[in-house]
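These notes concern the structure reproduced below.
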Amino acid sequence: MATSLKNLSSHTGKNITDISGKKFGVVVAEWNSEVTESLYAGALDTLLKHGAKRENIIKKLVPGSFELSLGAQWMAQHEEIDAVIVLGCVIQGDTRHFDFICDAVAYGITEVSLKYNKPAIFGVLTTNNQQQALDRAGGKHGNKGDEAAITAIKMLGF
Ligand SMILES: Nc1c(NC[C@H](O)[C@H](O)[C@H](O)CO)[nH]c(=O)[nH]c1=O
Ligand SMILES: CC(=O)[C@@H](O)COP(=O)(O)O
């Protein structure tokens, strides 16, 4: 199973782009904040570790993952932003609400990246339960926030 593999957080860090002059917008959903703040900590740590300046990492909060698309758009429309990372955690409940949120935010983030011609990275956990989310926010399966940050850096080196 894919989950038996380490995520990109086991990357070597070699051949990574110089991001000392790059500006990152990070949009974080408040829903499941224990998880999303861990994702943010992972992303922040990775960006700083690879040379980003702290003042060039702008964090904004939105209520839930459904709002990440608009938050990403509001961030990406600023010319000085080089890449946007969205971080969220959608956990399956008893209804189909999960499906609509996940589909909407995946489509919305894709639209933002294409509309503004800059990386908009999908750092949204879509899990069956909270434990799966915790495992991917600094647990046994790494940190998807770290993975999202590496993805943004790699896209800037395209
Ligand atoms: N159940 C989860 C939500 N629900 C809220 C939506 O994202 C949205 O804020 C609401 O439908 C109003 O537009 N959000 C998550 O991020 N994670 C969930 O598990
Ligand atoms: C993903 C959600 O919105 C979900 O947590 C809401 O739970 P439910 O589907 O039981 O209303």
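Cβ from N, Cα, C; glycine included.
Features as listed in TrEMBL:
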type: ACT_SITE; residues: HIS97; note: active site, proton donor
type: BINDING; residues: TRP31, SER65, PHE66, GLU67, CYS89, VAL90, ILE91, PHE122; note: 5-amino-6-(D-ribitylamino)uracil binding site
type: BINDING; residues: ASP94, THR95, ARG136; note: (2S)-2-hydroxy-3-oxobutyl phosphate binding site
* Structure fact -> CB neighbours within 10 A of ILE91 (5-amino-6-(D-ribitylamino)uracil binding site), counting all protein chains shown, number 17
* Structure fact -> Among the recorded positions HIS97, ARG136, the one whose Cβ has the most other Cβ atoms within 10 Å is ARG136
* To do: Could you tell me which of these binding-site residues, GLU67, ASP94, has the fewest other Cβ atoms within 10 Å of its Cβ?
  => ASP94
* Structure fact -> The sparsest Cβ environment within 10 Å, among the binding-site residues TRP31, PHE122, is found at TRP31
* Asked: Can you tell me how far the Cα of SER65 (5-amino-6-(D-ribitylamino)uracil binding site) sits from the Cα of HIS97 (active site, proton donor), in Å?
  -> 12
* Three-state secondary structure, ARG136 ((2S)-2-hydroxy-3-oxobutyl phosphate binding site) (per DSSP) -> coil
* **By Cα-Cα distance, the member of recorded positions ASP94, THR95, HIS97, ARG136 nearest PHE66 (5-amino-6-(D-ribitylamino)uracil binding site)** => HIS97
* Asked: Which of the three DSSP states, helix, strand or coil, fits CYS89 (5-amino-6-(D-ribitylamino)uracil binding site)?
  -> strand
* Distance between CYS89 (5-amino-6-(D-ribitylamino)uracil binding site) and THR95 ((2S)-2-hydroxy-3-oxobutyl phosphate binding site) at the Cα atoms, whole Å? -> 16
* Structure fact -> Comparing the Cα of ASP94 ((2S)-2-hydroxy-3-oxobutyl phosphate binding site) with the Cα atoms of the binding-site residues TRP31, GLU67, PHE122, the shortest distance belongs to TRP31
* Structure fact -> Students should find that the Cβ of THR95 ((2S)-2-hydroxy-3-oxobutyl phosphate binding site) has, within 10 Å, a number of other Cβ atoms equal to 8
* **Where the C-beta lies under 6 angstroms from ligand 1, the matching binding-site residues among TRP31, VAL90, ILE91, PHE122** => TRP31, VAL90, ILE91
